[in-house]
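Single-structure report; data block below.
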Amino acid sequence: MAQLCGLRRSRAFLALLGSLLLSGVLAADRERSIHDFCLVSKVVGRCRASMPRWWYNVTDGSCQLFVYGGCDGNSNNYLTKEECLKKCATVTENATGDLATSRNAADSSVPSAPRRQDSEDHSSDMFNYEEYCTANAVTGPCRASFPRWYFDVERNSCNNFIYGGCRGNKNSYRSEEACMLRCFRQQENPPLPLGSKVVVLAGLFVMVLILFLGASMVYLIRVARRNQERALRTVWSSGDDKEQLVKNTYVL
């Protein structure tokens, strides 16, 4: 009887241990699933297709549109906004507790696309007029087609261009108003473009050269006059003065 009770207790203990292990595995799988499908950042991939997809931005708590290249993506990649919200709408940054470390490790192992550099991605950057307003418009190597605006420092106005979706620069704005607000009259004397700088430097060099040549000519003329005066004084000696005085006496 005692052996039977002991056997039952052992079975109950093993069943409890098994259920705990199973629940732990399921919880780990769920956390891993949440991480892979909702917490990682979007990945455009190395291919150059142009597929509209949705990804869950856990910081904003919303699903956002992006352009997928067609390969080397991750699980945070949905065909529709509804599918994205269904999977991740209730997920927050603190949903998985201490998964921040594992999330960073996973992000580093996923091949990521070149970081999009445009005017919307400068939350921690200091404003630099040359970087945000004088740089040329850059379409980039990707093949998406985003209408953007850039500031033309020579015309002091914002013009539209097509942004490919990757490897742009900071002089890229989603609206003309944002472009003008960022760059128009931000600097009373904005730095000149490289071509204008070369022209200005060349003009200054020519002016300095002309002034130097003019000063040299004036100096040489003065030296020549002084030498001529000294030569005349040497020829007209005191003996010549006496001879001239005697001639004048005889004439009188």
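Cβ from N, Cα, C; glycine included.
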Swiss-Prot annotation, disulfide partner of C179 among C142, C158: C158
Swiss-Prot annotation, disulfide partner among C63, C71 for C84: C63
C142: disulphide-linked cysteine among C133, C166 [source: Swiss-Prot]: C166
Per Swiss-Prot, cysteine bonded by disulfide to C47 (from C71, C88): C71
Whichever of C88, C183 is disulfide-bonded to C133 when Swiss-Prot is consulted: C183
Shortest C-alpha distance to C47 (disulfide bond) - which of the recorded positions C38, N57, C88, C166: C166
Rounded Cα-Cα span from C179 (disulfide bond) to C71 (disulfide bond), Å: 33
Neighbourhood of C63 (disulfide bond) by C-beta distance under 8 A, where only residues 6 or more apart in the same chain count: W54, W55, Y56, N57, Y78, K81, C84, L85, C88
10 Å Cα neighbourhood of C183 (disulfide bond): matching disulfide-bonded residues from C142, C158, C166: C158
Pairwise CA distance, C38 (disulfide bond) versus C166 (disulfide bond), rounded so that it is a whole Å: 22
C47 (disulfide bond) CB neighbourhood, other CB atoms within 10 A: 16
